[in-house]
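Per TrEMBL, the features are as follows:
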type	residues	note
DOMAIN	21-103	domain 'Shikimate dehydrogenase substrate binding N-terminal'
BINDING	Ser29, Lys30, Ser31, Thr76, Asn101, Asp117, Tyr235, Gln263	shikimate binding site
ACT_SITE	Lys80	active site, proton acceptor
BINDING	Asp92, Gly143, Ala144, Gly145, Gly146, Ala147, Asn167, Arg168, Thr169, Lys170, Ala171, Arg172, Ile233, Gly256	NADP(+) binding site
DOMAIN	136-208	domain 'Quinate/shikimate 5-dehydrogenase/glutamyl-tRNA reductase'
Amino acid sequence: MDFSNSDRLQTLSGTSRLAGVMGWPVAHSKSPRLQGYWLAKYGIDGTYMPLPVAPENFASAVKSLRDLGFAGVNVTIPHKQAVFDVCDELSDRAQRIGAVNTVTFADDGKILGDNTDGFGFIENLRQNAPDIDFARGPAIVLGAGGACRAIIVSLLDENCPEIRLLNRTKARADALADEINDPRITVVEWDRIDHCLEDAALLVNTTSLGMVGQPPLEIDLAGLAKQAIVTDIVYAPLKTGLLAQAEGRGNPVVDGLGMLLHQARPGFHCWFGIDPVVTPELRDFVLGTS
Ligand code: ATR
């Protein structure tokens, strides 16, 4: 067999670094493509694989990967809460977010849990809205799910002076605000959004509205200052209705794909030793357009 022209030929040495993503299902995950791109780019002797693991096998699977010598794993739906109990140590941000998406196996066998979603959110904005100053004014955050919690914690860490939290089911927003317990969070009724836009510096959609197959996010941005930055964690489509409306009236906009890409950096750094860069080529590759 002639493999000389095969760019799919991959060989691993006896000292390869191993990592992967655990989910159920996991076939849809973009992480293997993303991490695989960086492994190739930096010429690293390692691999990153999809690991479909049913919930009932989750804890034993994590310990088995440790015992097999894996460097670590990403953890996605439905395991982000369950992994919390498996970890021996949690980073400060994982504790405050209440979920883990990045696990590293320490040399002494300890299972270390981190949550990099908030980091990814902040870094995406820093890269794509370089003038951003999180302390400049209030942030409006729509939603109250798992991603929302990570975003709120990260905004508070960046000295955001006020977070106005709006969710269709107000009780979930109230519960989230109670759990995070920071006086800078104010819960606002979902249908009162028009009344809290005026002095906002940042508007974030963390709901699933606007995603392919979901209803649109119906919002009138007329009251929003033109310099307010608008971002969406939905990245399919890349330009959601919210971002199209904001861009059309001159607001700076940042799409959600970068959050996915940047949240992967700390794991790659821990497991493979390099803090990788997020580039336009990586975006195209992860989207499957190159
Ligand atoms: P995740 O944990 O991944 O963020 P989630 O918990 O399912 O996902 O959260 C989805 C978010 O989208 C929620 O804030 C949800 O609002 P509810 O708490 O009221 O369910 C929001 N969402 C989904 N469909 C919605 C709709 N049709 N109108 C308004 N908000 C919606």
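Cβ atoms here come from the backbone N, Cα and C positions, even for glycine.
Just so it is clear, the model here is predicted, and its values are computed rather than measured.
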Taking only the Cα atoms, work out how far Ala171 (NADP(+) binding site) lies from Ser29 (shikimate binding site), in Å, as a whole number. 31
Which of the recorded positions Lys30, Lys80, Asn101 has its Cα nearest to the Cα of Ala144 (NADP(+) binding site)? Lys80
Please identify, from the binding-site residues Ser29, Ser31, Asn101, the residue with the sparsest Cβ neighbourhood, meaning fewest other Cβ atoms within 10 angstroms. Ser29
Where the distance is taken from Cα to Cα, which of the recorded positions Lys80, Asp92, Gly146, Thr169, Ile233 turns out closest to Asn101 (shikimate binding site)? Lys80
Taking only the Cα atoms, work out how far Lys80 (active site, proton acceptor) lies from Lys30 (shikimate binding site), in Å, as a whole number. 17
Counting distance between Cα atoms, which of the binding-site residues Asp92, Gly146, Asn167, Thr169 is nearest Thr76 (shikimate binding site)? Gly146
Nearest to Asp117 (shikimate binding site) by C-alpha distance, among the binding-site residues Asp92, Asn167, Thr169, Ile233, is Ile233
Of Ser29, Asp92, Asp117, Ile233, the binding-site residues whose C-beta sits under 6 angstroms from any atom of ligand 1 are none
Could you tell me the C-alpha distance between Asn167 (NADP(+) binding site) and Tyr235 (shikimate binding site) in angstrom, no decimals? 20
What whole-number Å value do you get for the CA-CA distance of Asp92 (NADP(+) binding site) and Gln263 (shikimate binding site)? 16
Of Ser29, Lys30, Ser31, Tyr235, Gln263, which is closest to Gly146 (NADP(+) binding site) if I measure between C-alpha atoms? They're all binding-site residues. Gln263
Using Cα coordinates, what distance in whole Å links Tyr235 (shikimate binding site) and Thr169 (NADP(+) binding site)? 23
Cβ atoms near Lys30 (shikimate binding site) (within 10 Å, other residues, all chains): 17
Give me the Cα-Cα distance between Ser31 (shikimate binding site) and Thr169 (NADP(+) binding site), rounded to a whole Å. 31
